[in-house]
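J.: Okay, here's the structure, questions in a sec.
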Amino acid sequence: MRILVQKFGGTSLSSNEARELVIGHIQRERQRQYGLVVVVSAMGRKGDPYATDTLLSLIRRHGDSLPPKEQDMLQACGEIISAALMCSLLRAANIPAIALTGGGAGIITDSQFGRARILEIRTEAVHKALKDGNVVIVTGFQGVTEAGEMTTLGRGGSDTSATALGAALHAERVDIYTDVNGILTADPRIVKDARPLPVISYAEIGNMARQGAKVIHPRAVEIAQQARIPLRVRSTFSEDEGTLVTDTFDAARAAVRDRHVTGVAHVSGVTQITVQAQDGHTDVQLQVFQAMARHQISVDFINVNPGGAVYTVFDHDADKAVSVLQEIGYSPKAVSSCAKISVIGGGMNGVPGIMARIVEALTEQGIPILQSADSNTTIWVLVSESYMASALQALHAKFSLHE
Ligand code: ADP
Ligand code: MG
């Protein structure tokens, strides 16, 4: 049986009209004779009645009194509501369907509640339901431990459920349905003329996702890449086929090779920390990063030099990072509310002049670069968050990404 996994995000399920469109996408693929596994997120976004953030707000006012295991029980409810609702809608449309929880679909995870990792997927139940002719609806974002406790996979976890199921079931493809027409050259909320990319490589979208393009979760991309399963990212609200993620087709490879820059991505809410070596301290880098690790402060954008180190932490870790450094005798400088901007392109390796054009684009707008770094597929710059939107727009225009 040819299996297709379809994943529908929160906005795709948030209204009657949207759910009708979802039914249409399921019906269309069913007519193409696919065995369908439909992974659903919780309905809507923050503020909507059954969205994950809304469920969590029920307990926030009680501080941190609910242990992680019980928090996962609460968080898992949004997807369960979606799955049951979609099952009833499909049946009402005379499409045979059953709904399974993550555990019911055989998704076994470790017991890191709130950010569990999938260990294994036991596919018997899904295979049987498909063989019986059902559309199999699976709750995204969740699994179960060997001991039968519910777990959740962390933000964006439904994408991971979808590609992990796709890999375990040897699906022909995984389609991620969302509220934009595919993977765009930038976040359309910030860059209005961002354009959908017809094809993109796993490496490029993996990179964009890790650097803040939240259209798909990076872990989901890794799993699809390892299993060599093509992904499509497309809109629930149009018939447009969106973006194909693949390394396979020559055409795709050529398209990726021919462009130097594929897209821009951003992460906001970071603090730049500069630490200078003190007299008598010869091992500043070692001391600094060991101290960060000891206090579980995650660090990024690291530049070290003989005189010290510059790096970033999330704004919410900044006060802690500074006091930890002061305790071990340093006087760090902290610049909060920065944004890390990434210019990404599988074809930029060895092409001269990309950095020059980035500097040009930002200088023309009077945007100071606080820090930069590069690899063979990405150049990163750190700017003040107040310049984030104009920096993204300027870079997007400089590399003609709207064309
Ligand atoms: P879903 O609920 O369907 O998972 P998400 O909100 O997680 O939807 O992801 C879709 C959103 O990702 C879009 O609305 C868009 O604002 C944002 N986004 C950020 N970067 C990009 C990009 N490069 N291409 C497409 N969308 C992007
Ligand atoms: Mg998402």
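Here the Cβ of each residue, glycine as well, is placed from N, Cα and C on the backbone.
Automatic, uncurated: that is what TrEMBL annotation is.
The ATP binding site feature in TrEMBL is assigned to Lys7, Phe8, Gly9, Gly10, Thr178, Asp179, Arg189, Lys214, Val215. As annotated by TrEMBL, substrate binding site applies to Thr52, Glu79. Under the heading domain 'ACT', TrEMBL lists 343-403.
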J.: In whole Å, note down how far the CA of Thr178 (ATP binding site) lies from the CA of Thr52 (substrate binding site).
T.: 17
J.: Using DSSP, what is the helix/strand/coil residue split across the domain 'ACT' (343-403)?
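T.: Taking the domain 'ACT' (343-403) as a whole: 25 helix, 13 strand, 23 coil.
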J.: Between Lys7 (ATP binding site) and Glu79 (substrate binding site), how far is it from one CA atom to the other, in Å?
T.: 12
J.: Select, from Lys7, Thr52, Glu79, each of the binding-site residues with a Cβ positioned under 6 A from at least one atom of ligand 1; if none does, say none.
T.: none
J.: What whole-number Å value do you get for the CA-CA distance of Val215 (ATP binding site) and Glu79 (substrate binding site)?
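T.: That comes out at 19 Å between the alpha carbons.
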J.: How many angstrom lie between the most widely spaced Cα atoms of the ATP binders Lys7, Phe8, Gly9, Gly10, Thr178, Asp179, Arg189, Lys214, Val215?
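T.: Across Lys7, Phe8, Gly9, Gly10, Thr178, Asp179, Arg189, Lys214, Val215, the two farthest Cα atoms sit 22 Å apart.
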J.: From the Cα of Glu79 (substrate binding site) across to the Cα of Gly9 (ATP binding site), what is the distance in angstrom?
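T.: Just about 10 Å between their Cα atoms.
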J.: Hey, which of the binding-site residues Lys7, Arg189 is the loneliest by Cβ count within 10 Å?
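T.: Sparsest of the binding-site residues Lys7, Arg189 by Cβ contacts within 10 Å: Arg189.
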J.: Output, ordered by sequence, the same-chain residues six or more apart from Glu79 (substrate binding site) with a CB under 8 Å from its CB, or 'none'.
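T.: When sequence neighbours closer than 6 are ignored, Glu79 (substrate binding site) has Val40, Ser41, Ala42, Gly102, Thr139, Gly140, Phe141, Gln142, Ser158 within Cβ distance under 8 Å.
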J.: Taking the binding-site residues Lys7, Gly9, Glu79, Arg189, Val215, which residues show a Cβ-atom distance to ligand 2 below 6 Å?
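T.: Those binding-site residues that pass the cut-off, since their Cβ is under 6 Å from ligand 2, are Gly9.
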